Amino acid sequence: MEIKKEEETKEISHEKGDDDAATAAVAEEKMKLSVDEVIEKYVGSFGLSQILQVVLVSFSWVFDSQNTLVTIFTDAQPSGWRCKTSAINASLSPSWCMNDTAGGGGNEGQLAGHVCGLAAGSWEWTGGNSATTIAEWDLICHRKFLAAIPTSLFFIGSIFGCTFYGRLADVWLGRKKTLLLACILTSITTFFASLSPNVWIYSFLRFANGFARSGNGICSIVLSMEVVGNKWRGQVGQYGFFFYTAGLLSLPFIAYPIRTHWRYLYRIISLPPLVYIFLLVPLVVESPRWLLVRGRNKEALEVLRKLARWNRKKLPDNIELIIPSQATTTGSEGDKDTIGDENENIWTTRWAAKRMIIVMLFGFGVGFVYFGIQLNTENLNFNLYLTVIINALMEIPAIIIGGILLSFTNRRLLSSLSAISAGVLCILCIIFTTASSKNTSSSNWPKLTIEAIGFMASSITFDVLNIYCVELFPTNVRNFAVSMSRASLMLGASLSPLLVAVGRLSPSLSFIVLGALSIVSGTLSVWLPETRNAPLYETLKQQEEEEEEKRRRLRQPTVV
């Protein structure tokens, strides 16, 4: 009996050994693939799951544009003024009270000749004191430059916000949770701006609003582009801006019915982010690339499996995700520490720092021109609401043309030519400035047409730069790089309201500055590498090694 039991024990041990050997064999057969390879081979380069992801995250661009450009209406120069009846009878002649600003976009020179010379209480705004912040707080005459402070501080707040959200999304919360936080803060700060008692509190709240909303665009574009195949990145990044255009286009339709109450506009646009938080954000998936570089391999693989299921595909069971240059250093499953060197940093890596500085200088000029043209619309002496609608509609062909060109044109060439074209068209606006000063409809249309085409060119530059920046840097610093790029865009934008204030005195000067800066910015992209059809790298070390290897191969002579 004892001999029989020993034989049975040996057999069981032998079977266990065979099972262990089989398990080991299966483990050895695991396919070690990068995220790019899994997407291209098994998930699908751009299927239903990616389309849904892009649409869901791109809704945040609506709030981004609404909060950025709402001051076109809330901080606009009032359309006209009139003397009070008691003042006319007492001391002022009817001829003195002729309203030269009625029907136009408002002109500081005309106001200076009339309103600034009148006693307080002898005149009133035709649209009421609650129509705009300028009307309510009398930001005219010697106080006219105070009108530029809220918008400038909004963009300065965006600079700090870009830095904050970029680090938060790369190191701590990830893209999805950072987007959620940004939407919550955007809604809160937008609503409180409507309660401002004076221009100083209003300026502070605009600063806070700029800080809050800056996370929307950053996370949206990165979440969109990190789940699609290489050949679709440009188009996905570009078409996401349709939602930015939708936000801009919605503003005049919201603002016109409530044009006598600027506070209502802020309250209305504070609601959509709350709806978005509860209905759409839960459907968004986290970036598998971010999960991978944080060592959360199982979660990254599960996200890819979910995307594949929505595309009616299935991932093999033996896939293991890796970062190509660090296949031997991958941490254990579920480990939340960063894979590779945690000290990798753009500013301590020479090639990345140089690249980042060029992108930021380019972004400064692009931001100044893109937002400057939009905020400068009141200096066209044309109907403000119609001008904003035309500019918004010009964004649509800009997105379509940009998307088509990105499919076969180099990013570097496209960004450069579109910026230079925008600059040339801005300078051409000067030709019609003298004629348009007559304030006739026929003389304003040519200038408006050229301005709209110039805005379309600047819009293409703005959109391409955001996509270009995503491709220029690896996953472990990508959100930070995009945040730095957008910070430079916002820095340029923060100075544009001052240009608008100057433009009320000299429209020609404002278009000269816009044109010259756009042309100079367009030349900077010459020093950036081309990224079309290049892979999205995961770490700075990997990108440096593979780009150097590519350059080495190109330098080698071809053997016939």
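Using N, Cα and C of the backbone, Cβ positions are placed for all residues, glycine too.
The annotation region 'Disordered' is assigned in TrEMBL to 1-21.
The compositional bias 'Basic and acidic residues' annotation in TrEMBL covers 1-19.
The feature domain 'Major facilitator superfamily (MFS) profile' is assigned by TrEMBL to 53-533.
Residues of the same chain lying 6 or more positions beyond the ends of the transmembrane segment (145-166) and with a Cβ under 8 Å from any Cβ of it are 68, 71, 75, 133-134, 137, 139, 178, 182, 199, 202-204, 206-215, 218-219, 367, 371, 375, 479-484, 486-487, 490-491, 493-498, 500-501. Here TrEMBL flags 145-166 (among others) as transmembrane segment.
For the transmembrane segment (178-205), same-chain residues at least 6 beyond its ends with a Cβ under 8 Å from one of its own Cβ atoms are 57, 60, 63, 67, 133, 137, 139, 146, 149-150, 153, 165, 168-169, 211-216, 218-220, 223, 263-267, 269-271, 273-274, 276-277, 281, 284, 479. Here TrEMBL flags 178-205 (among others) as transmembrane segment.
The transmembrane segment annotation in TrEMBL covers 241-258 (among others).
Annotated transmembrane segment per TrEMBL: 264-285 (among others), in sequence order.
According to TrEMBL, the transmembrane segment annotation covers 356-373 (among others).
Annotation source TrEMBL lists transmembrane segment at 385-406 (among others).
Look at TrEMBL and you will find 413-433 (among others) tagged as transmembrane segment. For the transmembrane segment (413-433), the list of distant contacts is 362, 365-366, 369, 373, 402, 405-406, 443-444, 446-447, 450-451, 453-455, 457-458, 460-461, 464-465, 468, 507-508, 511-512, 514-523, 525-526: same-chain residues at least six beyond its ends, Cβ to Cβ under 8 Å.
The transmembrane segment feature in TrEMBL is assigned to 453-473 (among others).
As annotated by TrEMBL, transmembrane segment applies to 485-503 (among others). Beyond the ends of the transmembrane segment (485-503), by six or more residues, the same chain brings 71, 144-145, 147-148, 151-156, 158-159, 162-163, 210, 214, 217-218, 359-372, 375-376, 378-379, 462, 465-466, 469, 509-511, 513-514 to within a C-beta distance below 8 angstroms of the stretch.
Sequence-remote contacts of a segment are chain residues at least 6 beyond its ends whose Cβ falls under 8 Å from one of its Cβ atoms, and for the transmembrane segment (509-528) they are 355, 358-359, 361-362, 364-366, 368-369, 372-373, 376, 379, 412, 415-420, 422-427, 429-430, 433, 458, 461, 468, 472, 499-500, 502-503. Among the features that TrEMBL reports, transmembrane segment is placed at 509-528 (among others).
Beyond its flanks by at least six residues, the transmembrane segment (356-373) meets 68, 155, 346-347, 391, 415, 419, 422-423, 426, 451, 454-455, 458-459, 461-462, 465, 468-469, 472-473, 481, 484-493, 495-496, 499-500, 510, 513-514, 517-518, 520-522, 524-525, 527-528 of its own chain at Cβ-Cβ distances under 8 Å. In this chain, the transmembrane segment (264-285) lies close to the transmembrane segment (241-258): three or more C-beta pairs between them fall below 8 angstroms, excluding pairs fewer than 6 positions apart.
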